[in-house]
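**Q** Pulled these features from TrEMBL for this protein:
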DOMAIN    203-332  domain 'GGDEF'
TRANSMEM  20-40  transmembrane segment
TRANSMEM  46-67  transmembrane segment
TRANSMEM  99-127  transmembrane segment
TRANSMEM  139-159  transmembrane segment
Amino acid sequence: MTPLLSRIRFRLRNDFQLGIITVFGAIGVLAILPFSLLRFAQGNALAGSVDLAVACTITGAALYAWITGKLERAGLLISVCNLLGSVLVELLLGKTGLYWLYVALLANFFLINRRAAVPLAFLGIVLAQMVPGAFESAVQRASVITTQLLVALFAYLFAHRTAIQHAMLETLASQDPLTGARNRRAMEQELAVAIAANQRRPRSLALLLLDLDHFKQINDRYGHDMGDQVLRRFVALIQSHTRACDRLFRYGGEEFVLLLENTDAAGVATVFANLRACVHAELRVQNAPVTVSAGAALLAPGESREAWLARADAALYRAKQAGRDRLELAPSPAASA
Ligand SMILES: Nc1nc2c(ncn2[C@@H]2O[C@H](COP(=O)(O)OP(=O)(O)OP(=O)(O)O)[C@@H](O)[C@H]2O)c(=O)[nH]1
């Protein structure tokens, strides 16, 4: 498979909304365009033009989504086009437009945020009622309104449920189940994002690698459950003594990474001094104090995630060698070269 094809496959697999937009782009070409040609062949140029405009807009919006990545905007364009197109077809061809409105009502809840899809659904249902001569009787009109409302309601419930499950999956995929800190996978992604953002707008970005001292002894002496409890309390302590914008990750075992934005060497030293003090004061195992060592590194220009982490790790190693319960700051790569 060519790199382009595998990239397309990857994006379609990992982005549900882009997948739906793509399906619509294909519908624009494969399903609506033939109708447009049929209308022209039947001599109904107006209906043919409406179908052609809808097909082009939907397919254009799908291409726009692929090229720019602006899915919300593309989804909204397709949603509005679906609704207005259905109502216009109803105006020109009668009931046929109503059938398309059902598709639009259903699809819009997957194309755009469900809170935006609700008013659009109501707008579509109301507009569909205003088309003169589209209904043969009051009963038929009532049936159409009821079934359209039900379709919108079920689509809303399904989209709502999907959004909840999506959020749950995201949490499961990014959170360490024991401590609730973000996991290593999330760390790798967020460090990459922070590095990319820093290349565009450089500012001081610090990484603090924290490691509980002699943690093996805690497990050995007091049992694994006590070790787990210490890890949970350690994370809770860090989270309650750092800023909301500071990001904590479990790097593995008893090692944690704290990503500190807009923080220089003096700032890292202050953060660590505070954490060290609160660990001394509040983290005890059967009255024995627990201590923590740390290695810190400030991101150097052009530095990779791996190199940045390696410098913090080397600094942590030095902190351990120097007697633990302390912070070591990594020299910049230029200084150590
Ligand atoms: N209870 C518990 N223990 C863990 C977990 N993950 C790793 N460990 C233990 O953490 C210990 C880490 O031991 P070491 O790497 O020797 O580190 P240390 O004893 O803290 O020694 P220093 O880092 O040199 O101070 C090992 O005994 C692991 O089994 C966990 O999720 N829960």
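In case you wondered, yes, glycine gets a Cβ from its N, Cα and C as well.
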**Q** Are there residues at least six beyond either end of the transmembrane segment (20-40) with Cβ under 8 Å to its Cβ atoms? List them, or say none.
**A** 12, 47-49, 51-52, 54-59, 61-63, 65-66, 71, 74-75, 78, 107, 110-111
**Q** Looking only at residues six or more beyond either end of the transmembrane segment (46-67), which have a C-beta under 8 A from one in the stretch?
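**A** Same-chain residues near the transmembrane segment (46-67) but 6 or more away: 18, 21-22, 24-29, 32-33, 35-40, 73-75, 77-78, 81-82, 85, 88-89, 92-93.
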**Q** The transmembrane segment (139-159): which same-chain residues, six or more beyond its ends, come within Cβ distance under 8 Å?
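**A** Sequence-remote neighbours of the transmembrane segment (139-159) are 98, 101-102, 105-106, 108-110, 114, 117-118, 121-122, 124-125, 128-129.
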**Q** Give the residue counts of the domain 'GGDEF' (203-332) per reduced DSSP state, in the order helix, strand, coil.
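**A** Residue counts in helix, strand and coil order: 60 helix, 35 strand, 35 coil.
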